[in-house]
Amino acid sequence: ARSVLIKLRAIASITHSTVFVSSSNQNIGTMPERRPFVRLPTDVYPVNYGLSLKPDLIDFTFEGKLEALVEVTQATNQIVMNCADIDIITASFVPQGGEEINATGFNYQNEDEKVTLSFPSALQKGFGTLKIDFVGELNDKMKGFYRSKYTSPTGEIRYAAVTQFEATDARRAFPCWDEPAIKATFDITLIVPKDRVALSNMNVIDRKPHPDDENLVEVKFATTPIMSTYLVAFVIGEYDYVESQSSDGVMVRVYTPVGKAEQGKFALEVATKTLPFYNDYFSVPYPLPKIDLIAIADFAAGAMENWGLVTYRETALLIDPKNSCSSSRQWVALVVGHELAHQWFGNLVTMEWWTHLWLNEGFASWIEYLCVDHCFPEYDIWTQFVSADYTRALDLDALDSSHPIEVNVGHPSEVDEIFDAISYSKGASVIRMLHNYIGDEDFRKGMNAYLLKFQHKNASTEDLWDCLEQASGKPIAAVMGSWTKQMGFPIIAVDQEQQGDDCVLKISQKKFCASGPHNEENCPSWMVPISICTSEDPKCTKLKVLLDRQETTITLNSVGPDQWIKINPGTVGFYRIQYSSSMLESLLPGIRDLSLQPVDRLGLQNDLFSLSRAGMISTVEVLKLMEAFVNEPNYTVWSDLSCNLGVLSSLLSHTDFHEEIQEFIRDLFTPIGLKLGWDSKPGEGHLDALLRSLVLGKLGKAGHKPTLEEARRRFKDHVDGKQVLPADLRSPVYLTVLKHGDSATLDTMLKLHKQADMQEEKNRIERVLGAISAPDLIQKVLNFALSEDVRPQDTVSVIGGVAGSSKQGRKAAWKFVKDNWEELYNRYQGGFLISRLIKLTVDGFAIDKMAVEVKSFFESHPAPAAERTVQQCCENILLNAAWLKRDAEDIHQYLLQRKAPPV
């Protein structure tokens, strides 16, 4: 659902995880006591919900009528349901063929978001109708049934009523059994102003004037298939749409703000290609008559896969051919691919409980890439997967405060917490590894069996393993259990010796920890699928083994000493590698002469960077390696390199030689910058555009004079209306002029923000405002973050942008979050945006005492849905501090001597 979490590429450039010293501050690792959580009783359960809702878009309230067909499985005089922020007016129960029984009491357990309806006599076994009249609030918290602010084409402020129920917020719209395994059918009626569009999961079957008010209409929707409450949705507002039919006959519509229907065309094209692709891949047809994709103005996540009515942030759905950059197109393609995959995987077959959320999200986060690769092979999207998902998951999962993919969760605040990089990115990475281990044909066979066996039902992780095991004949459950039930991953140590014509490899595993090697007694181990290739054919795997013990030896026949050997070609296995120094030495030329595959050049660099952060090698070794990338042509390799240099630059902002690392960055990026130039050339494609934007932004931020001058010139022409900047150059130019700008630059930027008609452009500006360096202007940007001009879901990236840009910014952003905590916490109400805010604000500190300060602040200002994030940040701060103490001086010496004239 929340693929935003992983891919708010917005913030990709400034997220960095870090390293941990476990000896001190062990107390950071303790989780507070959880309150006991109990699932709903099973003595009454719903078969069909007849639901009628009448939202008031002026007073922000709604009236609701529920008539649910339920089955009483054992006699009881009470019914327990989920209910939050709803007032029940009347409730009664009518047994089939019997007399209506009025409820005599409603007991709300607000803490547990439950209500108990009491009846004067026992309800007997059998079917009956539960009738409830209730009222609720159209809140402004972006969850449940909420209001979303927009401006009409005439400039008037109006509100739409929309929903976001995952994970546990359907209970804010109507009393219900709000657990994924309690599935039922839904008959929904919306009573709305007659000039508004009303949508729900199914197609409209009737639309008639409301008997009491001629300005209202009653819109009735077809009965849904049997489904979970968190996938129900309704939207009431003003929208235009574009439509098309997929080749397999499904009606697809993309709804956009009024007057922007054109901007829905790209997503429409992706969706109509994607449905038949999944249909074919799963060999199960899409089960509904239609699917709508709709852009919602105020939206916390990236998108939500409601069955038949998928909701999106505007920036995850709308593309303007003239004003959208290449990375936005790619983002839209991935998010559309992700949400449509859920229509099968999640909606048709649903996880039994939130513990198995990763199955939904990990799977959709993997297959979205498969789908985009099918639609847009020119994106080289699988290489990008490694940088966007795989390495991010490895970084988080090396922390002591990580968690297994499968987490036992109970209370709603705990559920919110697991929408993180482990569920999404590690989930996707282990599924990619599994797919590679099984092979595509057997994988598809197993998926098909799983979907057919569990359609319209619920399943757990084990159920999927069973189906894949039967299809492939491999020990899937045993292999995968080691990756989903225990946290972390191994580091594989490799050494080689030559024996005649053969090469013998010694391979061993132990848990990789961000704080360095751990030699515990009971070290966990994994079932590790290992592949090996050699320089003879870098694209082709020479040997595959399953490492199912601590260590083993492998003989490679007729591999001579002149060949290099690469473990994990394609960077598919979820582990890091430590080569012996001679093996590493022989791999380095493969980076310079590009004989190693791009994804392997990336993986090698990323592994070494992470080993240096863990103190297993010196950071200087990594800087030397980075200099070997001077001929690198691949966008994703540069992107990962750039991310890691960003982490180093942020770390070294705590020293007095920050300028020296800027010089290193300028030296590394200048040759590729000169080669690319500023303007796109004929025959260039998507990846060239992404690379140009990355490189110019990096050079500009690091203060490369010619880049800065050119950026200022082009910015002036853009503002004066002489020559509009192409969308792909806007981020790097805005960033560069702000980083080296004054109050006039900031004012111009804020004016551009106000004038921007497209949310993408507003976000683009919001994300770079933090680059400004004067303290008073930093403060101005922070205040702007909470102003009416920034949509509530985007405040986080403005504050994060300030924190990620400079040492001053980091301090100011943390102070700002503390000073405005009440408002921020209230605004995000424990959703995952609060975790995101905390991470972006404090993750970059590098002094031990800051970890203590952060910890104590959140002890006195608890944020239950962000407990784990707070722990991870504290751990990261300690790791940063240790890294700095350990390596700062060596790095400084290296940076000085590489510039010293030869003697």
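Every residue, even glycine, has its Cβ placed from backbone N, Cα and C.
Values in this document were obtained by computation on a predicted structure and should not be read as measured data.
What TrEMBL lists as domain 'Aminopeptidase N-like N-terminal' is 46-231.
TrEMBL lists 266-483 with the feature domain 'Peptidase M1 membrane alanine aminopeptidase'.
Under the heading Zn(2+) binding site, TrEMBL lists His338, His342, Glu361.
Under the heading active site, proton acceptor, TrEMBL lists Glu339.
What TrEMBL records for Tyr424 is site 'Transition state stabilizer'.
Mean pLDDT of the predicted structure over the domain 'ERAP1-like C-terminal' (564-877): 95. TrEMBL lists 564-877 with the feature domain 'ERAP1-like C-terminal'.
A distance of 13 Å separates the Cα atom of His342 (Zn(2+) binding site) from that of Tyr424 (site 'Transition state stabilizer'). For the pair His338 (Zn(2+) binding site) and Tyr424 (site 'Transition state stabilizer'), the Cα-Cα distance reads 11 Å.
Note on the binding-site residues His338, His342: the fewest other CB atoms within 10 A surround the CB of His342. You'll find the Cα of Glu361 (Zn(2+) binding site) roughly 10 Å from the Cα of Glu339 (active site, proton acceptor). Here the CA atom of Tyr424 (site 'Transition state stabilizer') lies 13 Å from the CA atom of Glu339 (active site, proton acceptor).
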